[in-house]
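Data first, discussion second: the structure below is written as structure tokens.
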Amino acid sequence: MFRSKRSGLVRRLWRSRVVPDREEGSGGGGGVDEDGSLGSRAEPAPRAREGGGCSRSEVRSVAPRRPRDAVGPRGAAIAGRRRRTGGLPRPVSESGAGAGGSPLDVAEPGGPGWLPESDCETVTCCLFSERDAAGAPRDSGDPQARQSPEPEEGGGPRSREARSRLLLLEQELKTVTYSLLKRLKERSLDTLLEAVESRGGVPGGCVLVPRADLRLGGQPAPPQLLLGRLFRWPDLQHAVELKPLCGCHSFTAAADGPTVCCNPYHFSRLCGPESPPPPYSRLSPPDQYKPLDLSDSTLSYTETEATNSLITAPGEFSDASMSPDATKPSHWCSVAYWEHRTRVGRLYAVYDQAVSIFYDLPQGSGFCLGQLNLEQRSESVRRTRSKIGFGILLSKEPDGVWAYNRGEHPIFVNSPTLDAPGGRALVVRKVPPGYSIKVFDFERSGLLQHADAAHGPYDPHSVRISFAKGWGPCYSRQFITSCPCWLEILLNNHR
């Protein structure tokens, strides 16, 4: 029974992996992204289905599905006919068949020509000629058809060689993964399976394994790299791209320690330099994107006042946790939640090293934005709030403050330490799902103390994070107060 249960857990974990989705294509093309930019979308999370012409491959969960090759060319032809006509499957007359083999005879259920219905098939009525034309295979003269990444059935030697190579790589990945998972105890397998099936909603504890000399495709594959690529990021190449979250064993352990945590949801990918999307500045003169100044216009003053009201008048909001007479240890930051220009709820003081800020989380504690009520909310705010999901993990670490995007939609960050030194343009960084970014650098902040302040009110210890919507020169929203849902992180000066 013990061996049987462990084997079942290993098989469930293998079926829960994600693979690049090459069947749906890029899916995006033109159009405006949900963040308001004209650029390509960020790398989607395993459950995200947003399309977008992204350079990275979309990932999807592996679903138990009957492969096309399993029914043979005859079954594939019947399935293709059924998708085009929407009728019942009919037997295909073999070449050289007798007069009794009429193409109008319907196959009996369970017979040789019968193909059972599948929930994964798309049935289109033949009466709708437009849909039939859209679903029909394209002419060979179509350049997009020639660029199809999926080889046709029964292709030439090159396509068969590519398929055989993919099968060999898949088999090698399965062998290496099984060899690693079978080293884990039943409790560790349960923890790992819960984290994978909840998509990080229940990250669970550390899953420690000895540092093994695993190799995949002739390259070293540490446990955290192997499972991170298997369950979260199929395009992950090196372990240095991963950052352990605070509280994980690998966060405090030595880099060459005897054990390492392989829970993929105890790691995040580092957010490197990005190429910004095509700016909206080509539609407007660039002089509009100067730093805010009180003398610019009434709109500039309004936006500046809205985003700095908590700084200029901190005593306006009464919070017992922020009182200097409080006996609690000093908080290292306070979090304010805004919807456009309206602050919702009270300041949330953070005392722990890390805090979760979320809309809906299966397990855990922190700042729940879903419990903050407002009498009148616009439709854009409601839509954006529904995209917050697991939200972010904000942590204070020795080198600075980090934000980890736990949700399924990107977040957008602006911080004094992210701006270019001496630059006048507003820098807003896009953080895809599953990525982390250092939103505040303690070392760089010391240099900002002696730098000349920008025009207008300026707070060197304030970080702004917007959910799902970007702002600034590269987006249609020029100010943070135009974003439906955003956070203001007010860092305590006494660190």
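If you go along the chain as it appears here, the first residue is 1 and each next one adds 1.
Using the three backbone atoms N, Cα and C, a Cβ is placed for every residue, glycine included.
Taken from Swiss-Prot as is:
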type: COMPBIAS; residues: 1-15; note: compositional bias 'Basic residues'
type: REGION; residues: 1-115; note: region 'Disordered'
type: MOD_RES; residues: R74; note: omega-N-methylarginine
type: MOD_RES; residues: R74; note: dimethylated arginine
type: MOD_RES; residues: R81; note: omega-N-methylarginine
type: MOD_RES; residues: R81; note: dimethylated arginine
type: REGION; residues: 133-161; note: region 'Disordered'
type: DOMAIN; residues: 149-276; note: domain 'MH1'
type: CROSSLNK; residues: K174; note: ubiquitin cross-link
type: BINDING; residues: C206, C248, C261, H266; note: Zn(2+) binding site
type: DOMAIN; residues: 332-495; note: domain 'MH2'
type: MOD_RES; residues: S436; note: phosphoserine
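Features as recorded by Swiss-Prot, highlighted on the structure.
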residue	record	DSSP class
K174	ubiquitin cross-link	helix
C206	Zn(2+) binding site	coil
C248	Zn(2+) binding site	coil
C261	Zn(2+) binding site	strand
H266	Zn(2+) binding site	helix
S436	phosphoserine	strand
Alpha-carbon spacing, the residue listed as 'phosphoserine' to H266 (Zn(2+) binding site), which is rounded to whole Å: 12
The domain 'MH1' (149-276), counted residue by residue under DSSP: helix, strand, coil: 56 helix, 17 strand, 55 coil
Cα-Cα distance linking K174 (ubiquitin cross-link) and C206 (Zn(2+) binding site), given in Å to the nearest integer: 23
Residues from the same chain, set at least six apart from the ends of the compositional bias 'Basic residues' (1-15), whose C-beta lies under 8 A from its own: 62, 64, 174, 177-178, 181-182, 186, 189-190, 192-193, 196
Cβ contacts of C261 (Zn(2+) binding site) (under 8 Å, same chain, 6 or more positions away): C206, V207, L208, Q224, P244, C248, H249, S250
Under 8 Å by Cβ from H266 (Zn(2+) binding site), counting only residues of that chain that are 6 or more apart: P203, C206, P244, L245, C248, S250
Residues near the residue listed as 'ubiquitin cross-link' in space but at least six apart in sequence (CB under 8 A): W14
Per-state residue totals over the compositional bias 'Basic residues' (1-15) - DSSP helix, strand, coil: 14 helix, 0 strand, 1 coil
Cβ packing number for C248 (Zn(2+) binding site), 10 Å threshold: 20
Check: same-chain CB within 8 A of Zn(2+) site center, minus C206, C248, C261, H266: G205, V207, L208, P244, L245, G247, H249, S250, F251, C262, N263, F267
Other CB atoms, at most 10 A from the CB of C206 (Zn(2+) binding site): 21
Model confidence over the domain 'MH1' (149-276) (mean pLDDT, whole number): 87
